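Worksheet: one structure, shown below.
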Amino acid sequence: MDTNSTTPMSITDMECNPNYSYLVENIKYLLQAAYMVPPAFLYARILYVIWVKHRKVYSRHQFFVIYSMDSIVGFILLLLDIFITRFFVYVPQLCIPASKFFQSHSLLMNIYYPLLNYLHCAQPLIQIFLTLNRMSSVIWPVDHNKVWSKNLSFIVAFVSLSPFLIIWNTIISPKIIIYYFGGFFMLGLKAVEWADISLFLFLVRSVAVIITVASTVIMFLRMSKMKKRMKSSERTLCLACVIHSICFMVPSFFEALANFNEAYGSSWVNFLIQPFAWDVLNVGSPLIMIFVSGQLRHHVLEISIGCCKPKNKPKTITVHTVTAHVSSRNGTSIFR
């Protein structure tokens, strides 16, 4: 669930609402957890494959290094959703004791809320570098790896540190409990009025969308000219990046709608739709990479499917030559 807004929606309940059915709300949670747990497992496997089991293969490819950062972010966001955010929204039987626990242990809220916004800020930055990486691979295929290898350390540092320039107000701001459905979630007020985290994130995502669209158009135009000169593996990663970009634009669209339409942004509809919009990206990302990249799928799942199976080594056929000696005895031919 997205809880970036520092301006809470109109809330009438200042305590847990007992009118929601425990069973119905729990089923809602289980249904959402059911589709979030498998991608979380895939994220963990992808990170294990890239950085442990097949480190020598993937660490030399800058795209996978950058994508591993996206996997870390997506993995943590799913864990927060599964075990904290949606858990306490859709498990109303824990609303009273859990809300009191968080209110009496404010350190947990002071960690959770800035961390959530940090991850949401890092995602568009990673998206920018993913699309730029694929665009440069078709524009400068010869020098592409050399340039990205040289600047990879800077990219990692930039993505890791720059979100703090955006989320600083969420760190120093007081955190509160917002009662929602039969449960609750945690939100931050603004210590500095003009430093609106929703606006900051909207600007970052807007820049990411503009760069993504421009890079994708350039990439497709260049790929159409290269045709068969481009390696199939590079084409595969470009395709994966394009689909990933589409998934990124889905939550970005609804975030923009909430920022430009105040009535929608403060309505319960926004708070209901936005989490599922983010699921398109966080749940879809590992599925896309596993589906599109045959090599990664083979390493992560240790299976091969269809046309993306690793090519088998050609069979060696040994040909033995037999020499026939012919002799004639009394007109009879004898073969040895």
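Each Cβ is built from the backbone N, Cα and C atoms, and glycine gets one as well.
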Practice task
Identify the transmembrane segment range according to Swiss-Prot, selecting from 111-131, 174-194.
Solution key: 111-131
Handout entry: Intrachain neighbours beyond the transmembrane segment (237-257), with Cβ under 8 angstroms and 6 or more residues off its ends
Key = 2, 63, 123-124, 127, 130-131, 133-134, 137-138, 198, 201-202, 205-206, 208-209, 212, 216, 219-220, 223, 264-265, 270, 273-274, 277-278, 280-281, 284-285, 288-289, 292-293
Handout entry: Within-chain partners of the transmembrane segment (152-172) [C-beta distance under 8 Å, separation at least 6 from its ends]
Key = 6, 62, 65-66, 69, 110, 113-114, 117-118, 121-122, 125-126, 129, 188, 190-192, 195-197, 200-201, 204
Completion exercise
If you count CB pairs under 8 A between the transmembrane segment (30-50) and each of 111-131, 200-220, 271-291, the winner is 271-291
Completion exercise
If one takes Cβ-Cβ under 8 Å and requires six or more residues beyond its ends, the residues near the transmembrane segment (200-220) are 4, 117, 120-121, 124-125, 127-128, 131-132, 134-135, 138-139, 166-167, 238, 241-242, 245, 248-249, 252, 255-256, 259
Problem - Surrounding residues of the transmembrane segment (64-84) on its own chain - C-beta under 8 Å, 6+ positions past either end - result: 1, 32-33, 36-37, 39-40, 43-44, 46-47, 50-51, 58, 112, 115-116, 119-120, 122-123, 126-127, 129-130, 133, 152, 155-156, 159, 275, 278, 281-283, 285-286, 289, 296
